[in-house]
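The feature site 'Transition state stabilizer' is assigned by Swiss-Prot to Arg33. Swiss-Prot lists Glu39, His40, Thr41, Asp42, Tyr227 with the feature substrate binding site, giving sequence analysis as the kind of evidence. Marked as ATP binding site by Swiss-Prot on the basis of sequence analysis: Ser73, Gly127, Ala128, Gly129, Leu130, Ser131, Ser132, Ser133. Look at Swiss-Prot and you will find Ser133, Glu165 tagged as Mg(2+) binding site, backed by sequence analysis. The active site, proton acceptor annotation in Swiss-Prot covers Asp177 and rests on sequence analysis.
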Amino acid sequence: MEVAYKEDLLTSFAEAFSIDRLTDVRVFFAPGRVNLIGEHTDYNGGYVFPGALTNGTYMVIKLRDDGEYHLRSANFDTSVVFRNSDLRFDPKDDWGNYPKGIIAELAKLGVDLPGATIYFYGNIPNGAGLSSSASIGMVTAYGLTQCSGIDIDRVTLAKLCQRMENDFIGVSTGLMDQFAVGMGKKDHALFLNTSSLEYDQVPLILKGYKLVITNSNKRRGLADSKYNERRRECEIGLEQLRKKQTNLSHLGEVTEEMFAELGPVIEDELIYRRVRHVVTEDARVLAAVSALKAGELQTFGELMKASHLSLREDYDVTGVELDTLFDLQASAPGCIGTRMTGAGFGGCTVSIVHEEEITAFQTVVSKGYEKKIGYKPTFYVTELGDGVNEWKGGA
């Protein structure tokens, strides 16, 4: 993943819009996110454990006074132009619908924006399950409100970004991605109860190990995937559990002990497996956080592996690419934990690998993956960073 520098971003902004004077121009950054454990639990009111990445989306912005928005991106060829008076979803605007949706949601809150000229640059791969959509949404929301002198707290902005994806884009995302992008902290993972929004910043002390993200290079189109189908299956499971316990509001309330008692009411085997994953994954998150706090990194790694197996066997969201990576990485040199991360159906895995074995790990996994799948994966040795902020820039 490339490193961005403020001077380069300002130059690109000036060239993209033929601007001679860079006055009143500001730069903001929102990270991508990687979820260490706790997958497909966020929309079920369960626990998640994500962290903000040091890679993400940069936004260079200059306010206008004509109610127009002129958008360009280093990552896409198309430019997007629209007005405050026309904030409708438009398929031809493609990626531009994400910032447009944010502006539309802010307008619903009564926020009167003057228009803006905006340039984006992202260094997280799109469709890889590292929350490029939450990243561009949060950087747009945070940057626009900061430039306009409007004080909206980060939790409210995260909820606004979730509404944008749900209502404007049409993807039923949970709140985890936006929350992690907004509330991330360097070298910490975010233990979040997605029902109450109570959270704890837990230090990620890797003691000679590194986080390695492996991109399967199979793009994962979230809106076109079976994400919404899984969400509906969980809703069906919850409805059936309520036959025995009527006061359940979400699956995140169901402990393993409760499921042992209530589970048999679910007669459909597929629905039963979907619910079982959510219940056991919540338990794994709690155990993983406890293991990290106790310095038990090996235990944390084993829980990561168990998470992937549940996502494969009970939730059916892995696929041949992610399963191939998992099988190779679980036995690769220096790897003590690995799992798919994100919604699945392609995208990435996250692994904990000893820093002295990273090259050997990558070699073994790359060769095995290419032999079976036909093309190579891409590796990113990464760390956890801060949430959305005004960016002061590199060199």
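Note that Cβ sites are derived from N, Cα and C of the backbone, with glycine treated the same way.
Considering other CB atoms within 10 Å as the measure, the emptiest surroundings among the binding-site residues Ser73, Ser132 are those of Ser73.
For the recorded site, Ser132 (ATP binding site), the DSSP three-state label reads helix. On a Cα basis, Tyr227 (substrate binding site) lies 14 Å away from Gly127 (ATP binding site). In terms of Cα distance, the binding-site residues that sit within 10 Å of Arg33 (site 'Transition state stabilizer') are Gly129, chosen from Glu39, His40, Gly129, Glu165. Using CA atoms as reference points, the recorded positions Glu39, Thr41, Asp42, Glu165, Asp177 were checked against Ser73 (ATP binding site), and the closest is Glu165. One way to see the shell of the substrate site is to take the Cβ centroid of Glu39, His40, Thr41, Asp42, Tyr227; the remaining same-chain residues with a Cβ within 8 Å of it are Gly38, Tyr43, Asn44, Val48, Gly174, Met176, Arg230, Ala343. Counted within 10 Å of its Cβ, the other Cβ atoms near Leu130 (ATP binding site) come to 30, all protein chains included. Of the recorded residues, Glu165 (Mg(2+) binding site) and His40 (substrate binding site) place their C-alpha atoms 16 Å from one another. Remark: of the binding-site residues Glu39, Glu165, the most isolated position is Glu165 (fewest other Cβ atoms within 10 Å of its Cβ).
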